[in-house]
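These come from TrEMBL:
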{"type": "REGION", "residues": "1-34", "note": "region 'Disordered'"}
{"type": "DOMAIN", "residues": "38-256", "note": "domain 'Radical SAM core'"}
{"type": "BINDING", "residues": "Arg47, Arg98, Thr129, Lys190, Arg298, Thr299, Arg300", "note": "GTP binding site"}
{"type": "BINDING", "residues": "Cys54, Cys58, Cys61", "note": "[4Fe-4S] cluster 1 binding site"}
{"type": "BINDING", "residues": "Tyr60, Gly102, Ser153, Met224", "note": "S-adenosyl-L-methionine binding site"}
{"type": "BINDING", "residues": "Cys293, Cys296, Cys310", "note": "[4Fe-4S] cluster 2 binding site"}
Amino acid sequence: MASRRISLGMPTPRRTDETATELPDTSERPDTPALADRFGREATDLRLSLTDFCNLRCTYCMPASGLTFLGKKQLLSVDEVVRLVRIGVERLGIEQVRFTGGEPLTRPDLEEIIAGVASLDPRPDISLTTNAIGLDHRAARLRAAGLDRINVSLDSVVSETFERLSRRPLLHRVLAGIDGARAAGLDPIKVNAVLLPGVNDQELPDLLDWCLERELQLRVIEQMPLDADHIWDRSSMITAGDVHEMLAPRYVLTPVTEAREGAPAELFEVADRATGRHRGRVGVIASVTRPFCADCRRTRLTAEGRVRTCLFSREETDLRGALRSGADDEAIAGIWRAAQWGKKAGHGMDRADFVQPERPMSAIGG
Ligand code: SAM
Ligand code: SF4
């Protein structure tokens, strides 16, 4: 079938990191407005990082000393974020937007950003991934601005373990944030947990119990090699298989029957093994051992406005430069489409030649 070359509408920008190359050859790209790639996938789900700054120092994400954080002028402004999301929903078929970071609540203008995105037509589904510190004071305003859903990261409900993992004694503030989100009517509230061997893995059955009691959906995420300290070890990481083994003495897990539809979490109904009582659901995100790349519907923007087609990309494509040099919407959409066309088939974490990305998770946007 004949294919047409798309017009990007402006000079081709260069990619921006250590493996900088020209944008991919788009001569085979079908003339579709969608964010298509060479493997038949179309991205409808945007993860947008609002900052690389964070007030915690989770060991699997940030070094103890922090990082050299971006300055205010390097971050996308409220208007720039809203414009990029508008281009995404109006021209590229984006349906869902998740704000992340770093810690998105450290941006005082988060309510403004959410209100701007909520006023778009078509209006995307708007969600937030956060450590919940300070959420108790802002949840009602965020909800009023248009926030639909929230995921809170919480790896332990034991103060000592929380501090060991996050290097900050702030468990009480996270718990207050969850209470605030509930009081504001945010529903569902999902809890993300990363398990580290010998640190919090033994707490998993209790953590699940704690979540089920509060009608929070726990999602256990396999640790990925995206930490600044490079502590990830494939041979000792806690796998989805380990999660099932650790939960089996106390719970019976049955796969849910609904289609997964590109969602990263495999969901299970949870019943108490002793009584058979149904308790709720748990999710397992097995990015390492059961990758879901073939169904990936994601595109990413870093806090300084670069397209990253995968967490594990070693290439990024700058949109902020085009935004700030007066490019029109279609030109920006064209650069984004071309970048997405270069998305790789998979993350390659299990390959011998896998190289961890330069940037840690906090700087990419988890
Ligand atoms: N600060 C917010 C938070 O913690 O929710 C948003 C950013 S954080 C980078 C987003 C998610 O990435 C969190 O749920 C966190 O647990 C997860 N994460 C960070 N580093 C990870 C790693 N190396 N492997 C797996 N998940 C990771
Ligand atoms: Fe901060 Fe989230 Fe990374 Fe923890 S996981 S250091 S809360 S960005």
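Here the Cβ of each residue, glycine as well, is placed from N, Cα and C on the backbone.
Given the structure is predicted, the values throughout are model-derived calculations rather than measurements.
For the binding-site residues Cys61, Met224, Cys293, Cys296, Cys310, counting C-beta atoms within 10 A of each C-beta gives the highest total at Cys61. Take the Cα of Cys54 ([4Fe-4S] cluster 1 binding site) and measure to each of the binding-site residues Tyr60, Lys190, Thr299, Cys310: the nearest one is Tyr60. Comparing the Cα of Cys310 ([4Fe-4S] cluster 2 binding site) with the Cα of every entry in Arg47, Cys58, Ser153, Met224, Arg300, these being the binding-site residues, the smallest distance points to Arg300. Taking the Cβ of Cys58 ([4Fe-4S] cluster 1 binding site) as reference, residues of its chain lying under 8 Å away and at least six apart in sequence are, in sequence order, Ser153, Asp155, Leu165, Ser166, Arg167, Val194. Close contacts with ligand 1, defined as a Cβ under 6 Å from any of its atoms, occur at Tyr60, Cys61, Thr129, Ser153, Met224 among the binding-site residues Tyr60, Cys61, Thr129, Ser153, Met224, Cys310. Binding-site extent for S-adenosyl-L-methionine: residues Tyr60, Gly102, Ser153, Met224, maximum pairwise Cα distance 16 Å (rounded to the nearest whole number).
In this structure, Cys58 ([4Fe-4S] cluster 1 binding site) belongs to neither helix nor strand by DSSP; it is coil.
A Cβ distance below 6 Å to any atom of ligand 2 is met by none of the binding-site residues Tyr60, Lys190, Cys296, Arg300. Taking the mean position of the Cβ atoms of Cys54, Cys58, Cys61 as the [4Fe-4S] cluster 1 site, the remaining residues of that chain whose Cβ falls within 8 Å of it are Leu56, Arg57, Tyr60, Met62, Glu103, Asn131, Ser166, Met361, Ser362.
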